[in-house]
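What TrEMBL says about this one:
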- Glu166: active site (ACT_SITE)
- Thr160: Ca(2+) binding site (BINDING)
- His165, His169, Asp175: Zn(2+) binding site (BINDING)
- Cys181-Cys194: disulfide bond (DISULFID)
- 1-28: signal peptide (SIGNAL)
Amino acid sequence: MNRSRTGVVAALGAAALVATLSAPAAFAAPAPAAEQAAPAFRTSTYAPSASSAEDQAANRQFFEAVMKSALKKQAAKPGIQVVTVTYNTSRAPSFRGQISQSTQIWNSSVSNVKLQETSAGGDFQYREGNDSRGSYASTDGRGHGYIFLDYRQNQQYNSTRVTAHETGHVLGLPDHYSGPCSELMSGGGPGTSCTNAYPNAQERQRVNSIWARGIAVLKDEGALTKVR
Ligand SMILES: [Zn+2]
């Protein structure tokens with residue numbers, strides 16, 4: 001990825017990419033990137049609010065960083081059909097149960113990408129704590145990403161749904177707060193009573209397509225170092 005661009009330009013590019021990939025009209029939310037400053041870390045929160053507009057560019061950056069990291073490690077595996085994405089939970093000890101459930105949900109829902117815990121650094125990390133913004137996925141756009149799980153929000157909302165939702169960003173899905181509870185990426189939109197922690201058929205299909213495309217790019221270029 002070209003690091004010489006400014007953060008704003010990079011964000012705009014990422015937003016445009018998101019728009020391009022967002023085939024269903026329902027997912028094509030207005031891109032807020034142009035109005036935003038460029039913080040060191042970009043975030044995308046679980047619940048919509050005035051101070052936490054959804055940030056599709058941040059989602060995209062996080063996902064791209066994870067995919068790049070995961071694909072690089074598998075350079076020596078020609079003919080791979082499934083990409084393994086590793087994560088570390090050492091900074092989210094209270095949420096190990098929810099994280100494990102989220103992993104089971106995703107691994108039983110999609111076929112082209114698998115989540116796997118590691119005691120090493122991993123492609124991304126889970127962290128826990130208190131943050132007025134609630135839970136979010138965050139990246140610095142340079143290959144470092146983590147999912148933050150907020151204590152209070154995880155008491156208000158179904159914690160497994162929050163965890164699986166944020167993990168959905170790692171796998172490439174954007175927020176869609178206006179969606180129903182049956183959608184995982186509607187996040188906090190349907191309210192605190194929503195306990196569904198499973199992606200719907202469209203979300204599953206979309207994740208499979210995204211990762212199949214990543215694998216295809218890898219094969220076309222013949223070298224993982226070229227994957228952006
Ligand atoms: Zn979200």
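For all residues, glycine too, the Cβ spot is worked out from N, Cα and C.
What you are looking at is a predicted structure, and each value in this text was computed from that prediction instead of being measured.
Structural mapping of features recorded in TrEMBL.
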residue	record	DSSP (3 states)
Thr160	Ca(2+) binding site	helix
His165	Zn(2+) binding site	helix
Asp175	Zn(2+) binding site	coil
Cys181	disulfide bond	coil
Cys194	disulfide bond	coil
Across every protein chain in view, the count of C-beta atoms other than its own within 10 A of the C-beta of Cys194 (disulfide bond) is 19
Hey, which of the recorded positions Glu166, Asp175 is the loneliest by Cβ count within 10 Å? Glu166
List the recorded positions Thr160, Asp175, Cys181, Cys194 whose Cβ sits under 6 Å from any atom of ligand 1, in sequence order. Asp175
Nearest-integer angstrom distance between the alpha carbons (Cα) of the residue listed as 'Ca(2+) binding site' and Cys181 (disulfide bond): 14
Using Cα coordinates, what distance in whole Å links Asp175 (Zn(2+) binding site) and Cys181 (disulfide bond)? 13
How many neighbouring Cβ atoms, not counting its own, are there within 10 Å of the Cβ of the residue listed as 'Ca(2+) binding site'? 22
Whole-number answer please: how many Å between the C-alpha atoms of His169 (Zn(2+) binding site) and Cys194 (disulfide bond)? 19
Cβ neighbour count (10 Å, all chains) around Cys181 (disulfide bond) is 16
Rounded to a whole number, how many Å is the Cα of His165 (Zn(2+) binding site) away from the Cα of Cys194 (disulfide bond)? 12
Rounded to a whole angstrom, what is the C-alpha distance between the residue listed as 'active site' and Cys194 (disulfide bond)? 15
